[in-house]
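In TrEMBL this protein carries:
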type: TRANSMEM; residues: 36-54; note: transmembrane segment
type: TRANSMEM; residues: 75-92; note: transmembrane segment
type: TRANSMEM; residues: 104-128; note: transmembrane segment
type: TRANSMEM; residues: 140-164; note: transmembrane segment
type: TRANSMEM; residues: 197-215; note: transmembrane segment
type: TRANSMEM; residues: 236-258; note: transmembrane segment
type: TRANSMEM; residues: 340-359; note: transmembrane segment
type: TRANSMEM; residues: 371-391; note: transmembrane segment
type: TRANSMEM; residues: 398-421; note: transmembrane segment
type: TRANSMEM; residues: 470-493; note: transmembrane segment
């Protein structure tokens, strides 16, 4: 969670501060843009302060789970806003611009993820009702997310219609993107070493999405804030629907940017210094004549970032308090002031995250970097939870050994891959061109006016494990935990499933782990009548 939040903060900060290189005159906000941006931040702050001061948050359940009386729609929208981060809004368009529409096949992973969460993970967590999923202020988080999501959606739609109008219509966007090779979504190459294929995206993203939405503290905490599992499932369906819609909008913005700069690449001409800056550059370049619109769009990006950060900080505070602080302060005066302790934790973690910006900003592209770094820990986390849910004999020794080996193994792969990338051995981008640039623009004449790629392919000198697609990192990490953890558990005193709480296991395993008795199979109303007698 912390890695994602730090990457998010850095990406937004860099984009907002510098969308052009020193060789070109930068495009600045005017007073109206600053006003729109400040208004968004001010309203979001006021919502949080109002609920924090006047909302009922006297107990830990009120603070972490909103008193378990939250409504389905605000929670669903909050789930979308939290998961649809600034990394998505900035990273996905640049991904489409450079590598094409293959990334959009991740919608397949959303359907698979929704099914698995609905029938496996959600029933387990909801029946256990854990405040921390690692046992295992939410109202403010949900309502600020609800507000910020409309800012994000509105700004995306405004920029899309303006950009399409400038290009010449939706048909023109598609034609330019098609001829530029950006619309191919079915590269069926089965190689795990290919960067983006149908398989790496749809299969690899399934495991990453499961970690993000199935076991992530920020997501599970919001599901548990709903009164019944029926409400939680309805919220999951709404979340998945709107999540796909927002991903589609982000991908289309990527095609829109390519159709606008297909013959005058701003990266080659050094108008921008990083691919992640291409979205704010596009917005400032396209919408500079419309007062307030650049400010609205940048506010939308910050809204997405703030939404992710607020959810992450709240859930991380719950985890730290439940697993580390509460056992230490039990029986002391601080135990009667849990909400104050939780707020202090949020403040401390937030300060550390802001300082980490100066480290993250020196690393690579935001989307690939985010998925790569998260893949190291996401596989271990998903593997641990899945080990306990799917393997009945799993024990603590197996979980610990599997997770430690998984993190070490994936860290080694990630470091090796990053060193190869630093040496220039990385996957090629799709070609871009500067053939249509204005001759009066300084700084591009020395470049070739033909199409060119930015980088070279991996070659045989790179160790094969370092060449694995970054989208498979979570899958490899998860399988490592399951295999190592299951094996170690089997040989070090396996658990006896029938002696454990059956709620710990996936529902479809109950028939084997806890054979049903006549009393359990009886009609619930009949059982209640017998107990009353």
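Heads up, the Cβ atoms here are built off N, Cα and C, so glycines get one too.
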Report summary line: Relative to the transmembrane segment (104-128), the stretch among 197-215, 236-258, 371-391 with the most Cβ pairs under 8 Å is 197-215
Query raised in the report: Which one of these stretches, 197-215, 236-258, 340-359, 371-391, 470-493, has the most C-beta pairs shorter than 8 Å to the transmembrane segment (75-92)?
Result: 236-258
**Report entry** Remote residues contacting the transmembrane segment (197-215) - C-beta distance under 8 A, at least 6 residues beyond either end
**Finding:** 79, 83, 102-103, 105-106, 108-110, 112-113, 116-117, 120-122, 133, 185-191, 239, 371, 374-375, 378-379, 381-382, 385, 469, 471-475, 478
Query raised in the report: Counting only residues 6+ away from its ends, which parts of the chain sit with a Cβ under 8 Å from the transmembrane segment (371-391)?
Result: 3-4, 7, 120-121, 124, 133, 207-208, 210-212, 214-215, 398-399, 402-403, 406-407, 410-411, 414, 417-418, 470-471, 473-482, 485-486, 489, 504-506, 509
Report task. Determine which residues of the chain contact the transmembrane segment (470-493) at the Cβ level, with the cut-off under 8 Å and only residues 6 or more beyond its ends counted. Result -> 192, 195-196, 200-201, 203-205, 207-208, 211, 368, 371-372, 374-380, 382-384, 386-387, 390-391, 393-395, 397-399, 401-403, 405-407, 409-410, 413-414, 417
